[in-house]
Amino acid sequence: MSVVFVAASKLPTPFGEFTMHGFLDEESGKEHVALTMGDIADGAPVLGRLHSECLTGDALFSLRCDCGFQLEGALAAIAEEGRGVLLYLRQEGRGIGLLNKIRAYELQDGGADTVEANLQLGFGADQRDYAMCQPMLAHLGVSSLRLMTNNPRKVKALESYAVTVAERVPLQKGLNKHNRRYLATKAGKLGHMLGSLHQGEAETT
């Protein structure tokens, strides 16, 4: 995979000022972003998150998922610590794209859960790839993370690319009546570590 650094700029946010680093995956043409704060290249494990693009949750305030809540929570946690990195990866809809995500939502409106909808459309349950993270983190001088995630697949993916996950930091945000079944399905079928609140609810909620 050929991922190249393009440019960096300041990014003031309600949480504080970050530096925004732009990267281009030359094979896919996708553009990815890293947001950093503080000195993250000192060798100590860095508080971090891999966040896949979610237009509906991140920008349109959807309550169907927890993505927007997790994005805000991760940025707030980094700002509180004064040091950290968030990789914003262009992998909408767990890798199936925005329009297919809307198609999946339509199937969910008809009774399918989030995994069943993907499978009915001919996709895998989760088609995301995290190979781009290694060159992005290497450019930033980061080799060890305290990773904010509930998804064990992200931990395994980073470790397979020789990035140390020194700690998994749970990031449980935004549970509501609209996403309860979605989160239960992620726990029950995708192995997300969401605690006893969601375990076993996929079939009953």
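Glycine residues also receive a Cβ, built from the backbone N, Cα and C atoms like all the rest.
Checking the candidates THR19, THR114, THR185 against Swiss-Prot: the one annotated together with ARG49, LEU50, HIS51, SER52, GLU53, GLN70, GLU92, GLY93, ARG94, THR149, LYS154 at the GTP site is THR114. Taken residue by residue with DSSP, CYS54 (Zn(2+) binding site) is part of neither helix nor strand, so it is coil. Taking CYS67, ASP126, ARG128 as the recorded positions under consideration, the smallest Cα distance to ARG49 (GTP binding site) is found for CYS67. The shortest Cα-Cα distance between ARG128 (active site, nucleophile) and any of the binding-site residues HIS51, CYS67, GLU92, THR149 is the one to GLU92. The Cα of GLU92 (GTP binding site) lies closest to that of CYS54, out of the recorded positions CYS54, CYS65, CYS67, ASP126. Of the listed recorded positions, namely HIS51, ARG94, ARG128, the sparsest Cβ surroundings within 10 Å are found at ARG128. Checking each of the recorded positions CYS65, CYS67, ASP126 against HIS51 (GTP binding site) by C-alpha distance, the shortest gap belongs to CYS67.
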